[in-house]
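Single-structure report; data block below.
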């Protein structure tokens, strides 16, 4: 096994341990806690693949980090921090909108990579807006925390969330999932808009009609796959 692969796993295990200790003191925000959950799944999978015990790897990772910190000057640390863009958390939804319970009369569930799409196909002829809470880096969507679809009356009728068993996703995964959700809701003659904030950070632009600039391939997929499965 490549020594770099082993040492990388050891360092990741120790850094996860530090972040978990921080979170246990109730000081982590939503994106921070979400990354801990996703990374835990990833580390367990890597442990099985590499055949390395996580506890032993964590101890070895601690020694590696301690050695690096002993050699690190304050000036080098400042330069490294300055060169890394900080993620920020963007909220379309209120805490109440994000946490409220909702149910589906005619449930429909689909998957787009590591994302789960749920929608109520009993909803007809409604004006619907998609809102999301997510983290941003380099002015682009980095990690989707939760996306929900709301009618103009405020009812929750759809959702996109991460699958705990498949941690990690890309902005393309998010855009594909949004396309599937829009296609499913529009099949029942609903009018769907995407919030300007989500458009701006996921697609880099926003349209007044609330329709993101989907690629032709995505448009065909939205129209075709949903029709055949509903």
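Each Cβ is built from the backbone N, Cα and C atoms, and glycine gets one as well.
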Which of these ranges is annotated motif 'Nuclear export signal' in Swiss-Prot: 107-116, 117-126, 127-136, 137-146? 137-146
Swiss-Prot feature motif 'Nuclear localization signal', matched against 34-38, 39-43, 44-48, maps to 34-38
For the motif 'Nuclear localization signal' (34-38), find every same-chain residue at least 6 residues outside the stretch whose CB is under 8 Å from a CB in it, and list them. 16, 19-20, 23, 28, 143, 145, 162, 164, 167-168
Helix, strand, coil: count each for the residues of the region 'RNA-binding and homodimerization' (1-73), based on DSSP. 61 helix, 0 strand, 12 coil
Average the per-residue pLDDT over the region 'CPSF4-binding' (180-215) and send me the rounded value. 84
